[in-house]
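As C-alpha coordinates, the structure follows; a few thoughts come after it.
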Amino acid sequence: MKLKLKNVFLAYFLVSIAGLLYALVQLGQPCDCLPPLRAAAEQLRQKDLRISQLQADLHRPVPAPAQPPEPEALPTIYVVTPTYARLVQKAELVRLSQTLSLVPRLHWLLVEDAEGPTPLVSGLLAASGLLFTHLAVLTPKAQRLREGEPGWVRPRGVEQRNRALDWLRTGRGAIGGEKDPPPPGTRGVVYFADDDNTYSRELFEEMRWTRGVSVWPVGLVGGLRFEGPRVQDGRVVGFHTAWEPTRPFPMDMAGFAVALPLLLAKPNAQFDATAPRGHLESSFLSHLVDPKDLEPRAANCTRVLVWHTRTEKPKMKQEEQLQRQGRGSDPAVEV
(Lines of atoms letter the chains of each structure in order from A and count residues from 1; the text may use other names and numbers.)
(Lines give C-alpha, C1' and ligand atoms only; values in the text may rest on other atoms or scores of the structure.)
Protein backbone atom coordinates (compact mmCIF):
# COMPACT_ATOMS: atom_id res chain seq x y z
CA MET A 1 0.00 0.00 0.00
CA LYS A 2 2.82 2.32 0.86
CA LEU A 3 4.46 1.60 -2.48
CA LYS A 4 1.33 2.48 -4.41
CA LEU A 5 0.90 5.80 -2.60
CA LYS A 6 4.49 6.64 -3.27
CA ASN A 7 4.00 5.98 -6.97
CA VAL A 8 0.87 8.14 -7.07
CA PHE A 9 2.63 11.00 -5.32
CA LEU A 10 5.58 10.75 -7.71
CA ALA A 11 3.28 10.84 -10.73
CA TYR A 12 1.40 13.87 -9.32
CA PHE A 13 4.69 15.64 -8.67
CA LEU A 14 5.97 15.03 -12.18
CA VAL A 15 2.72 16.27 -13.72
CA SER A 16 2.81 19.43 -11.57
CA ILE A 17 6.40 20.14 -12.52
CA ALA A 18 5.54 19.71 -16.23
CA GLY A 19 2.55 22.06 -15.90
CA LEU A 20 4.69 24.66 -14.11
CA LEU A 21 7.40 24.46 -16.76
CA TYR A 22 4.77 24.86 -19.54
CA ALA A 23 3.29 27.91 -17.84
CA LEU A 24 6.73 29.49 -17.48
CA VAL A 25 7.45 28.89 -21.18
CA GLN A 26 4.10 30.45 -22.28
CA LEU A 27 4.80 33.63 -20.34
CA GLY A 28 7.43 34.53 -22.92
CA GLN A 29 5.15 33.99 -25.97
CA PRO A 30 3.10 36.80 -27.70
CA CYS A 31 -0.63 36.84 -26.91
CA ASP A 32 -3.01 36.12 -29.86
CA CYS A 33 -5.73 38.27 -28.28
CA LEU A 34 -4.10 41.64 -29.09
CA PRO A 35 -5.46 42.13 -32.71
CA PRO A 36 -9.15 41.74 -31.72
CA LEU A 37 -8.62 44.08 -28.79
CA ARG A 38 -6.98 46.66 -31.02
CA ALA A 39 -9.81 46.44 -33.60
CA ALA A 40 -12.44 46.93 -30.93
CA ALA A 41 -10.55 49.94 -29.56
CA GLU A 42 -10.37 51.49 -33.05
CA GLN A 43 -14.12 51.06 -33.55
CA LEU A 44 -14.79 52.79 -30.26
CA ARG A 45 -12.43 55.63 -31.24
CA GLN A 46 -14.21 56.09 -34.62
CA LYS A 47 -17.62 56.16 -32.92
CA ASP A 48 -16.41 58.78 -30.44
CA LEU A 49 -15.03 60.86 -33.32
CA ARG A 50 -18.35 60.67 -35.25
CA ILE A 51 -20.31 61.67 -32.14
CA SER A 52 -17.99 64.68 -31.68
CA GLN A 53 -18.51 65.70 -35.34
CA LEU A 54 -22.31 65.48 -35.04
CA GLN A 55 -22.25 67.55 -31.86
CA ALA A 56 -20.12 70.19 -33.62
CA ASP A 57 -22.56 70.24 -36.59
CA LEU A 58 -25.48 70.84 -34.25
CA HIS A 59 -23.81 73.96 -32.87
CA ARG A 60 -22.59 75.25 -36.26
CA PRO A 61 -24.73 78.11 -37.72
CA VAL A 62 -26.90 77.13 -40.71
CA PRO A 63 -25.36 78.61 -43.90
CA ALA A 64 -27.44 81.18 -45.76
CA PRO A 65 -29.08 79.82 -48.95
CA ALA A 66 -27.38 80.70 -52.24
CA GLN A 67 -28.82 83.94 -53.58
CA PRO A 68 -29.61 84.34 -57.29
CA PRO A 69 -27.65 87.05 -59.09
CA GLU A 70 -28.97 90.57 -58.75
CA PRO A 71 -30.92 91.62 -61.88
CA GLU A 72 -28.26 94.24 -62.64
CA ALA A 73 -25.68 91.46 -62.94
CA LEU A 74 -27.66 89.55 -65.57
CA PRO A 75 -27.18 90.01 -69.33
CA THR A 76 -30.15 91.80 -70.88
CA ILE A 77 -32.49 89.84 -73.14
CA TYR A 78 -33.66 91.95 -76.11
CA VAL A 79 -36.92 90.45 -77.39
CA VAL A 80 -37.84 91.54 -80.93
CA THR A 81 -41.54 91.19 -81.80
CA PRO A 82 -43.05 92.21 -85.17
CA THR A 83 -46.79 92.89 -84.99
CA TYR A 84 -49.56 93.97 -87.36
CA ALA A 85 -53.15 95.18 -86.98
CA ARG A 86 -55.83 92.48 -86.81
CA LEU A 87 -58.71 91.51 -84.54
CA VAL A 88 -56.58 89.30 -82.27
CA GLN A 89 -53.58 91.65 -82.13
CA LYS A 90 -54.28 93.05 -78.67
CA ALA A 91 -55.17 89.65 -77.21
CA GLU A 92 -51.90 88.14 -78.41
CA LEU A 93 -49.79 91.10 -77.32
CA VAL A 94 -51.38 91.05 -73.84
CA ARG A 95 -50.60 87.35 -73.48
CA LEU A 96 -47.01 87.80 -74.63
CA SER A 97 -46.40 90.90 -72.50
CA GLN A 98 -47.55 89.11 -69.37
CA THR A 99 -45.15 86.24 -70.05
CA LEU A 100 -42.30 88.71 -70.63
CA SER A 101 -43.13 90.51 -67.38
CA LEU A 102 -42.04 87.36 -65.50
CA VAL A 103 -38.51 87.57 -66.92
CA PRO A 104 -35.95 89.81 -65.19
CA ARG A 105 -33.63 92.09 -67.14
CA LEU A 106 -35.64 92.11 -70.37
CA HIS A 107 -36.07 94.82 -73.01
CA TRP A 108 -38.99 94.47 -75.44
CA LEU A 109 -38.53 95.81 -78.98
CA LEU A 110 -42.05 95.90 -80.37
CA VAL A 111 -42.11 96.79 -84.08
CA GLU A 112 -45.41 97.66 -85.77
CA ASP A 113 -46.09 96.98 -89.43
CA ALA A 114 -47.42 100.50 -89.87
CA GLU A 115 -46.37 103.97 -90.99
CA GLY A 116 -46.35 105.14 -87.39
CA PRO A 117 -47.42 104.18 -83.89
CA THR A 118 -51.03 103.14 -83.32
CA PRO A 119 -52.94 104.05 -80.15
CA LEU A 120 -53.65 100.38 -79.38
CA VAL A 121 -49.99 99.36 -79.32
CA SER A 122 -48.79 102.56 -77.65
CA GLY A 123 -51.33 102.17 -74.86
CA LEU A 124 -50.53 98.50 -74.37
CA LEU A 125 -46.80 99.19 -74.08
CA ALA A 126 -47.34 102.01 -71.61
CA ALA A 127 -49.48 99.75 -69.41
CA SER A 128 -47.21 96.70 -69.65
CA GLY A 129 -44.69 97.75 -67.01
CA LEU A 130 -41.91 96.46 -69.25
CA LEU A 131 -38.78 98.24 -70.39
CA PHE A 132 -39.54 98.74 -74.08
CA THR A 133 -38.67 100.47 -77.31
CA HIS A 134 -41.51 101.16 -79.76
CA LEU A 135 -40.63 101.02 -83.46
CA ALA A 136 -42.65 101.06 -86.68
CA VAL A 137 -41.99 100.40 -90.35
CA LEU A 138 -44.47 99.59 -93.11
CA THR A 139 -43.93 96.46 -95.19
CA PRO A 140 -43.53 97.46 -98.87
CA LYS A 141 -46.54 96.65 -101.01
CA ALA A 142 -44.55 94.22 -103.18
CA GLN A 143 -43.78 92.08 -100.12
CA ARG A 144 -47.32 91.95 -98.76
CA LEU A 145 -49.54 88.91 -99.00
CA ARG A 146 -52.19 89.22 -101.68
CA GLU A 147 -55.82 88.33 -101.10
CA GLY A 148 -56.21 84.58 -100.84
CA GLU A 149 -52.48 83.77 -100.66
CA PRO A 150 -51.40 81.33 -97.91
CA GLY A 151 -49.13 82.75 -95.25
CA TRP A 152 -46.11 80.71 -96.26
CA VAL A 153 -45.88 82.20 -99.78
CA ARG A 154 -44.06 85.36 -98.65
CA PRO A 155 -41.79 85.94 -95.64
CA ARG A 156 -43.43 88.15 -93.03
CA GLY A 157 -41.95 90.48 -90.44
CA VAL A 158 -38.75 90.99 -92.42
CA GLU A 159 -38.76 94.79 -92.44
CA GLN A 160 -39.81 94.89 -88.79
CA ARG A 161 -37.00 92.58 -87.58
CA ASN A 162 -34.44 94.50 -89.62
CA ARG A 163 -35.69 97.79 -88.14
CA ALA A 164 -35.07 96.36 -84.66
CA LEU A 165 -31.55 95.29 -85.69
CA ASP A 166 -30.91 98.81 -86.99
CA TRP A 167 -32.01 100.31 -83.66
CA LEU A 168 -29.71 97.97 -81.70
CA ARG A 169 -26.78 99.08 -83.86
CA THR A 170 -27.50 102.77 -84.34
CA GLY A 171 -30.42 103.85 -82.17
CA ARG A 172 -32.39 105.11 -85.17
CA GLY A 173 -36.14 104.93 -85.48
CA ALA A 174 -37.45 104.74 -81.90
CA ILE A 175 -40.88 106.35 -81.55
CA GLY A 176 -41.59 105.46 -77.94
CA GLY A 177 -40.03 104.01 -74.81
CA GLU A 178 -36.24 103.81 -74.52
CA LYS A 179 -34.64 105.77 -77.36
CA ASP A 180 -30.94 104.98 -76.79
CA PRO A 181 -29.46 101.67 -77.98
CA PRO A 182 -27.31 99.51 -75.67
CA PRO A 183 -23.89 101.12 -75.13
CA PRO A 184 -20.77 99.34 -76.42
CA GLY A 185 -19.74 96.41 -74.26
CA THR A 186 -23.28 95.65 -73.08
CA ARG A 187 -23.80 91.98 -72.26
CA GLY A 188 -26.98 90.72 -73.81
CA VAL A 189 -28.77 88.38 -76.16
CA VAL A 190 -31.28 89.03 -78.97
CA TYR A 191 -34.34 86.83 -79.49
CA PHE A 192 -37.01 87.05 -82.19
CA ALA A 193 -40.37 86.29 -80.54
CA ASP A 194 -43.45 86.40 -82.76
CA ASP A 195 -46.60 87.62 -81.03
CA ASP A 196 -48.63 84.45 -81.70
CA ASN A 197 -46.25 81.86 -80.18
CA THR A 198 -46.39 80.39 -76.68
CA TYR A 199 -43.27 80.71 -74.52
CA SER A 200 -42.17 79.06 -71.29
CA ARG A 201 -40.47 81.39 -68.84
CA GLU A 202 -37.65 78.82 -68.62
CA LEU A 203 -36.73 79.46 -72.24
CA PHE A 204 -35.45 82.95 -71.49
CA GLU A 205 -33.11 81.75 -68.76
CA GLU A 206 -31.81 79.05 -71.13
CA MET A 207 -30.80 81.71 -73.68
CA ARG A 208 -29.51 84.40 -71.31
CA TRP A 209 -25.84 83.28 -71.24
CA THR A 210 -25.52 82.71 -75.00
CA ARG A 211 -21.94 83.22 -76.23
CA GLY A 212 -22.62 83.02 -79.98
CA VAL A 213 -25.86 81.49 -81.28
CA SER A 214 -27.84 79.20 -78.98
CA VAL A 215 -30.52 76.79 -80.25
CA TRP A 216 -33.37 74.56 -79.02
CA PRO A 217 -36.39 72.70 -80.44
CA VAL A 218 -39.71 74.36 -81.31
CA GLY A 219 -42.98 72.51 -80.84
CA LEU A 220 -45.84 72.18 -83.34
CA VAL A 221 -43.97 73.46 -86.37
CA GLY A 222 -43.09 72.23 -89.84
CA GLY A 223 -45.89 69.68 -89.77
CA LEU A 224 -44.11 67.86 -86.91
CA ARG A 225 -44.61 67.48 -83.17
CA PHE A 226 -41.37 69.43 -82.86
CA GLU A 227 -38.53 70.59 -85.06
CA GLY A 228 -34.98 71.32 -83.94
CA PRO A 229 -31.30 70.40 -83.73
CA ARG A 230 -29.97 66.87 -83.20
CA VAL A 231 -27.20 66.83 -80.60
CA GLN A 232 -24.42 64.31 -79.98
CA ASP A 233 -21.75 64.70 -77.30
CA GLY A 234 -22.90 68.27 -76.68
CA ARG A 235 -22.57 69.40 -80.32
CA VAL A 236 -25.17 69.98 -83.02
CA VAL A 237 -24.73 67.25 -85.66
CA GLY A 238 -27.91 67.75 -87.70
CA PHE A 239 -31.54 68.82 -87.59
CA HIS A 240 -34.84 67.04 -87.07
CA THR A 241 -36.99 68.49 -89.83
CA ALA A 242 -39.19 67.21 -92.64
CA TRP A 243 -39.22 70.05 -95.16
CA GLU A 244 -36.06 70.75 -97.22
CA PRO A 245 -33.54 69.45 -94.65
CA THR A 246 -30.62 70.62 -96.82
CA ARG A 247 -31.18 74.25 -95.87
CA PRO A 248 -28.10 75.75 -94.13
CA PHE A 249 -30.13 76.34 -90.96
CA PRO A 250 -33.42 74.38 -91.13
CA MET A 251 -34.86 76.00 -88.02
CA ASP A 252 -37.85 78.07 -86.97
CA MET A 253 -37.46 81.74 -86.04
CA ALA A 254 -38.33 80.89 -82.43
CA GLY A 255 -35.55 78.30 -82.18
CA PHE A 256 -32.43 80.45 -81.71
CA ALA A 257 -30.97 83.49 -79.95
CA VAL A 258 -27.88 85.58 -80.79
CA ALA A 259 -25.36 87.14 -78.42
CA LEU A 260 -25.55 90.93 -78.70
CA PRO A 261 -21.74 91.41 -79.06
CA LEU A 262 -21.70 88.96 -81.99
CA LEU A 263 -24.62 90.73 -83.65
CA LEU A 264 -22.97 94.14 -83.29
CA ALA A 265 -19.70 92.76 -84.66
CA LYS A 266 -21.49 91.56 -87.82
CA PRO A 267 -23.15 94.69 -89.32
CA ASN A 268 -24.17 92.87 -92.51
CA ALA A 269 -26.27 90.28 -90.68
CA GLN A 270 -29.93 90.90 -91.46
CA PHE A 271 -32.97 89.13 -92.89
CA ASP A 272 -33.33 88.90 -96.67
CA ALA A 273 -36.86 89.53 -97.93
CA THR A 274 -35.95 87.87 -101.24
CA ALA A 275 -34.76 84.63 -99.66
CA PRO A 276 -36.46 81.46 -100.97
CA ARG A 277 -39.27 79.95 -98.97
CA GLY A 278 -37.99 78.61 -95.65
CA HIS A 279 -34.58 80.26 -95.99
CA LEU A 280 -35.31 83.47 -94.07
CA GLU A 281 -33.58 82.23 -90.90
CA SER A 282 -30.64 80.93 -92.93
CA SER A 283 -30.24 84.30 -94.68
CA PHE A 284 -29.59 85.83 -91.27
CA LEU A 285 -27.68 83.10 -89.42
CA SER A 286 -25.28 82.41 -92.29
CA HIS A 287 -23.65 85.79 -91.55
CA LEU A 288 -23.07 84.87 -87.90
CA VAL A 289 -22.02 81.28 -87.30
CA ASP A 290 -21.34 77.84 -88.79
CA PRO A 291 -23.89 75.12 -87.96
CA LYS A 292 -21.23 73.10 -86.11
CA ASP A 293 -20.67 76.01 -83.70
CA LEU A 294 -24.29 76.32 -82.56
CA GLU A 295 -24.79 76.11 -78.78
CA PRO A 296 -27.44 73.54 -77.82
CA ARG A 297 -29.68 74.49 -74.90
CA ALA A 298 -32.78 73.00 -73.25
CA ALA A 299 -31.07 69.81 -72.04
CA ASN A 300 -29.18 69.26 -75.30
CA CYS A 301 -32.30 70.12 -77.31
CA THR A 302 -34.43 67.43 -75.67
CA ARG A 303 -36.95 69.82 -74.04
CA VAL A 304 -39.56 71.90 -75.85
CA LEU A 305 -39.98 75.33 -74.23
CA VAL A 306 -41.62 77.27 -77.10
CA TRP A 307 -44.57 76.33 -79.30
CA HIS A 308 -45.56 77.67 -82.72
CA THR A 309 -49.19 78.28 -81.82
CA ARG A 310 -51.61 80.45 -83.74
CA THR A 311 -54.84 82.04 -82.63
CA GLU A 312 -57.82 81.02 -84.71
CA LYS A 313 -59.14 83.83 -86.87
CA PRO A 314 -62.43 84.97 -85.31
CA LYS A 315 -65.60 84.42 -87.32
CA MET A 316 -67.47 87.73 -87.60
CA LYS A 317 -70.67 86.67 -89.41
CA GLN A 318 -72.97 87.93 -86.65
CA GLU A 319 -70.99 91.17 -86.38
CA GLU A 320 -71.28 91.73 -90.12
CA GLN A 321 -75.01 91.05 -89.98
CA LEU A 322 -75.51 93.56 -87.18
CA GLN A 323 -73.43 96.14 -89.04
CA ARG A 324 -75.70 95.80 -92.08
CA GLN A 325 -78.60 96.53 -89.73
CA GLY A 326 -76.81 99.53 -88.27
CA ARG A 327 -76.43 97.81 -84.89
CA GLY A 328 -72.76 96.80 -85.00
CA SER A 329 -70.49 96.76 -81.95
CA ASP A 330 -69.34 100.17 -80.74
CA PRO A 331 -66.05 100.87 -82.64
CA ALA A 332 -64.87 103.02 -79.72
CA VAL A 333 -64.51 99.91 -77.56
CA GLU A 334 -60.98 98.60 -78.07
CA VAL A 335 -60.82 94.83 -78.46
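Each Cβ is built from the backbone N, Cα and C atoms, and glycine gets one as well.
Pulled from TrEMBL:
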type	residues	note
BINDING	Pro82, Thr83, Tyr84, Asp113, Arg156, Arg161, Asp194, Asp195, Asp196, His308, Thr309, Arg310	UDP-alpha-D-glucuronate binding site
COMPBIAS	312-322	compositional bias 'Basic and acidic residues'
CARBOHYD	Asn300	N-linked glycosylation site
REGION	312-335	region 'Disordered'
SITE	Glu227	site 'Interaction with galactose moiety of substrate glycoprotein'
SITE	Gln318	site 'Interaction with galactose moiety of substrate glycoprotein'
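Shown here: features listed in TrEMBL, placed on the structure.
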residue: Pro82; record: UDP-alpha-D-glucuronate binding site; Cβ contacts under 8 Å, 6 or more apart: Val111, Asp113, Arg156, Gly157, Gln160, Arg161, Asp194, Asp195
residue: Tyr84; record: UDP-alpha-D-glucuronate binding site; Cβ contacts under 8 Å, 6 or more apart: Glu112, Asp113, Ala114
residue: Asp196; record: UDP-alpha-D-glucuronate binding site; Cβ contacts under 8 Å, 6 or more apart: Val88, Glu92, Thr309, Arg310, Thr311
residue: Glu227; record: site 'Interaction with galactose moiety of substrate glycoprotein'; Cβ contacts under 8 Å, 6 or more apart: Pro217, Val218, Val221, Phe239, His240, Thr241, Ala242, Pro250, Met251, Asp252, Gly255
residue: Asn300; record: N-linked glycosylation site; Cβ contacts under 8 Å, 6 or more apart: Val231, Gly234
residue: Gln318; record: site 'Interaction with galactose moiety of substrate glycoprotein'; Cβ contacts under 8 Å, 6 or more apart: none
So how many of the residues in the region 'Disordered' (312-335) end up helix, strand or coil by DSSP?
8 helix, 0 strand, 16 coil
If you draw a 10 Å sphere on the Cβ of Thr309 (UDP-alpha-D-glucuronate binding site), how many other Cβ atoms land inside?
15
Span of the UDP-alpha-D-glucuronate site, taken as the largest CA to CA distance across Pro82, Thr83, Tyr84, Asp113, Arg156, Arg161, Asp194, Asp195, Asp196, His308, Thr309, Arg310 (Å, rounded to a whole number):
20
Just to be sure I understand the packing, how many Cβ atoms besides its own are within 10 Å of the Cβ of Arg156 (UDP-alpha-D-glucuronate binding site)?
20
